[in-house]
Amino acid sequence: MKKADIGVIGMEVMGRSLALNMESKGYTVAVYNRTGEKTKAFAEGPAKGKNIIPTYEIKDFVEALESPKKIMLMVKEGAPVDAFIETLLPFLKHGDLIIDGGNSFFKDTIRRNKYLSEKGILFIGTGVSGGEEGALKGPAIMPGGQKEAYKLIEKIFKDISAKAYDGEPCVDYMGPDGAGHFVKTIHNGIEYGDMQLIGEVVWFLKNTGMRADKIADIMARWNDKNDILCSYLIEITADSMKQKHQGSDEFLVDRVADITRMKGTGTWTVQSALELLVPIPTIAAAVFSREMSQDKNLRLEMSKKISLTFNGFANNPEEIIDVAHDALYIAKISSYAQGIALLTAASSAYNFNLNIGKIAKIWRAGCIIRAQFLDEITRAYEANPDLPNLLAAPKFAAFVSSNIGKLARFIDMAHKCGVPTLAMSSAFDYILQITSAVMPSAQVSALQRDYFGAHGYFKINSDSPELMVNNEGKIREFHTEWLLPTRPEREITR
Ligand code: 6PG
């Protein structure tokens, strides 16, 4: 019997769909699941008559594979990945490859890569985005690990991946060890940001008196292929908002509870940002908003304790739609700027050597955040790989400078009708902060720290907001003796 080109472990929806995708591209795929019933149901169902070899013992699974053996784990992140690695190890030889295609924590991937490479086993940790349909028809794939490991899987990944409109496969080598899973984590953080921003815009439109089907029409217009907002998430917002609640005339969206759960990648994004000292307030706002959404009982109780009244504003639907559109676009640029800043910082901290243009390119199709906008990001980084921030790219900078007032107006209108805008507001303030040569509150707190803790402060020149430096270009540091009656200032030398 012909040996399998690749094996997939884990017969939940993503594993099954990927196996079918691989088979449809001409590969023979061995499959295995911890509980045999799922493998059997798959073999007798969607895999019937296909070049898919069901196996029920790990030994048979590994023996069914061509060498070097390529094994893709599509199991829950965490302990199950480590358990399968241990189960597989006795059956593997030098040069065989294990691929973890789940949403694993990138530091686990770094650890596993090291552990396995000490045993001569190659390891790839890869992001696979696009949900069930993507896995089946073409996901975006973000692999990280040894270069030679990627070479072993490159052709299969290119064949099964989504293709962008120019035919380019949505997969590329991201970097060593944890790079692929890190990029996927940030993809998800950005996904949270996008979803929250769209959610705030939709809720605002709803609060100006629009029905769900009207909002769906607006979203459908924004998804026009020439519109700057055109994206998968806008598309599915339009589609899902038209859906009626079964057996009634109500819209499903009006009956779905305002509770958004999460599996953890957004939280990892924020944790990583805290660790690397990179501000990502919009993505954090998206995570915090999900947390607040889950506190339904508290919100119900608090809504009875404090009743806030808002006077609304003069409602002009044309203006509202125009403002909401451009405000959403600016907020999206701001949120992506934050996510990319985090990717850039992690790239140096973990030696991932990430290429932002390349990442934006593989996000153009297949994945959840796919959007035309990503083409513009690729172009911006191709034109200048050393952009200090996405907002500095000339096209984005021009749009933001001309239209920032619309984001301010959106936030103002939303607040006037009591709509919270944690993500939109933080996207706005991120732009304000990053473009502020001087942040007054920071100056004040610098003095406070020096006052109560003698922690020192820096100074700016009297005629420019630049930092005061000495002859050698070193930043000068000062301390005021606050407790002495004359409060003398002295320079600190460290
Ligand atoms: C993707 C998605 C996928 C999944 C998220 C959902 O890229 O295909 O991001 O990974 O839908 O894990 O995450 P939450 O459950 O945290 O919303």
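Counting starts with 1 at the first residue shown.
Quick reminder: no glycine exception, Cβ is built from N, Cα and C everywhere.
TrEMBL: automatically predicted annotations, no manual curation.
The active site, proton acceptor annotation in TrEMBL covers Lys184. Residues annotated as active site, proton donor in TrEMBL: Glu191. Per TrEMBL, substrate binding site is recorded for Asn103, Ser129, Gly130, Gly131, His187, Asn188, Tyr192, Lys263, Arg290, Arg449, His455. Per TrEMBL, the feature domain '6-phosphogluconate dehydrogenase C-terminal' maps to 180-483.
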Most crowded position, judged by CB atoms within 10 A, among Lys184, His187, Arg290, His455 as recorded positions: Lys184
Other CB atoms within 10 A, centred on Glu191 (active site, proton donor): 21
DSSP-derived structure type at His187 (substrate binding site), helix or strand or else coil: helix
Listed recorded positions with Cβ under 6 Å from ligand 1, out of Asn103, Gly130, Glu191, Tyr192: Asn103, Gly130, Glu191
Surrounding CB atoms that lie within 10 Å of the CB of Tyr192 (substrate binding site), all protein chains: 28
Same chain, 6+ residues apart, C-beta under 8 Å of the C-beta of Asn103 (substrate binding site), given in sequence order: Glu77, Gly127, His181, Lys184, Thr185, Asn188, Lys263, Gly264, Thr265
Rounded distance in angstrom between the Cα atoms of Glu191 (active site, proton donor) and Gly130 (substrate binding site): 11
Arithmetic mean of per-residue pLDDT over the domain '6-phosphogluconate dehydrogenase C-terminal' (180-483): 97
